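Written out below as structure tokens is the structure these notes cover.
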Amino acid sequence: MSAYLMPIKVALLLFPFLALAISSIFFVRQYRKFGRFIFSRAIVLYSFVFYLLCAYFLVILPLPSIEEVAQMTGPKMEWQLGASWQHFLQQTVLQINDPTTYFPALKQNVVLEPLFNLFLTLPFGVYMRYYFKLSFPKTIVATFGLSLFFELTQLTGLYFIYPRPYRLFDVNDLFVNTLGGTIGFLVTPLFTFLLPTREEMDAESYAKDNRVTFTRRFVAWLIDWGILNLFAWMLMILLRVTVNKEIDDFTNDYWYFLLEVVLYFILLNYILNGQTLGKKLVRIRVMEENHSRVSFRAIFKRYGLLYLIYVSATRINVLFTPFIQSTNQMLVLVSLLVVLIFGLIQLGFYCNILWAAFKKQPRFFYEKRTATYVVSTIQRNKVRN
């Protein structure tokens, strides 16, 4: 039993980290498709990932040593369909007319192994019908594909890490696994009658697909700066390899920050008609009041006000703060005034961000000053299940 519990424990330990990586993919995809990521959909998708993770670990764990596998001499494949049934008939203690044999029979491997393979893919059939809306034939094919993936994982010795398979490739497992997914499809209503349907999830998402939330904009902002930071990192590596490996890291310099803002947030935004790469991914766009296309002037004022003035206040404070410790009283006084003034500017900036974040339709100060706003580009009639 411990051999079966260990994969579950491993999955429990690894799942939060795996979910963190997968969530970013789903997060962007849901925003692109619906403009909203609802809790019920998150529960279904994460539970599906967790199930697949557990199933995969149940197939490959526990892992033997390479030396132990190298000494194995048993068969690698079982091609005789029905061999499991023959083994059951030969070894089982089950007698249908004797109830006292039922429980002992359940402890035998000839019973446990087929049941394990059956229940391994039963949830897969449920998910295929409930959330992914596959038809009965497609569910059978999908379950067979999943089972074949598991069996090939075993046949290749965990993708050739081992010198030979440490578990048997069995066509009977393919059959029983596929049967499990088929049964899962048929019994889906028994497990999902209390859950919201896929149509209800989509309807809830569509109902607010034109609402551009603060979270949605924040995701776009994270993507944009993630792209810029990745580019800066790659640029430094390229320069150190091709030009001078002793070159100083200039990507944190203020002039490089200004260059990023001008080229990416202003110039690219104008070329793409109010969209950066992050905004494209979550399907939002900057618009200008009373204009069908945002003007370069509006883009320049919008991001100039945001990045070149208010965000720059932080860098100015960092520059003047050390002078407060100076012995020159006039320099200390000027530095204190600069830090105080720009500190108040920063405080007002952050208060505006927090206030707008709690509003249903967040509109920040720099948007009001530049007559710009953000809209969703999602069109419901173009969305498919």
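Glycine is no exception: its Cβ is also placed from the backbone N, Cα and C atoms.
Residue counts for the domain 'VanZ-like' (48-191) under DSSP, helix first, then strand, then coil, are 101 helix, 4 strand, 39 coil. Positions annotated as domain 'VanZ-like' by TrEMBL: 48-191.
Annotated domain 'RDD' per TrEMBL: 213-344, in sequence order.
Taken from TrEMBL, the feature transmembrane segment applies to 12-31 (among others).
The transmembrane segment annotation in TrEMBL covers 43-63 (among others).
Per TrEMBL, transmembrane segment is recorded for 115-132 (among others). A Cβ distance under 8 Å defines the sequence-distant neighbours of the transmembrane segment (115-132), meaning residues of its chain 6+ beyond its ends; these are 4, 44-45, 48, 51-52, 55, 58-59, 138-139, 142-143, 146-147, 173, 176-188, 191-192, 195, 198.
As annotated by TrEMBL, transmembrane segment applies to 139-162 (among others). Cβ atoms under 8 Å from those of the transmembrane segment (139-162) belong to residues 55-56, 59-60, 63-64, 66, 69-70, 76-77, 121, 124-125, 128-129, 168-170, 173-174, 177-178, 180-182, 184-185 of the same chain, restricted to positions at least 6 beyond its ends.
Residues 40, 44, 81, 84, 114, 117-126, 128-130, 136, 139-140, 142-144, 146-148, 150-151, 204 of the same chain, all 6+ positions outside the transmembrane segment (174-197), place their C-beta atoms under 8 angstroms from a C-beta of that stretch. Taken from TrEMBL, the feature transmembrane segment covers 174-197 (among others).
Within its own chain, the transmembrane segment (218-242) has Cβ neighbours under 8 Å at 27-28, 31, 249, 251, 256, 260, 264-265, 276-279, 281-282, 284, counting only residues six or more beyond its boundaries. The feature transmembrane segment is assigned by TrEMBL to 218-242 (among others).
Counting same-chain residues at least six beyond the ends of the transmembrane segment (254-272), those with a Cβ under 8 angstroms from any Cβ of the stretch are 224, 228, 232, 280, 286, 294, 296, 299-300, 303-304, 307-308, 312, 315. According to TrEMBL, the transmembrane segment annotation covers 254-272 (among others).
For the transmembrane segment (303-324), the residues of the chain that approach it from at least six positions outside its boundaries are 254, 257-258, 261, 265-266, 269, 331-332, 334-336, 338-339, 342-343, 345-346, 349, 364, 366, 369-370, judged by C-beta separation under 8 angstroms. Annotation source TrEMBL lists transmembrane segment at 303-324 (among others).
Residues annotated as transmembrane segment in TrEMBL: 330-358 (among others).
Residues of the domain 'RDD' (213-344) grouped by DSSP class, helix first, strand second and coil last, total 99 helix, 5 strand, 28 coil.
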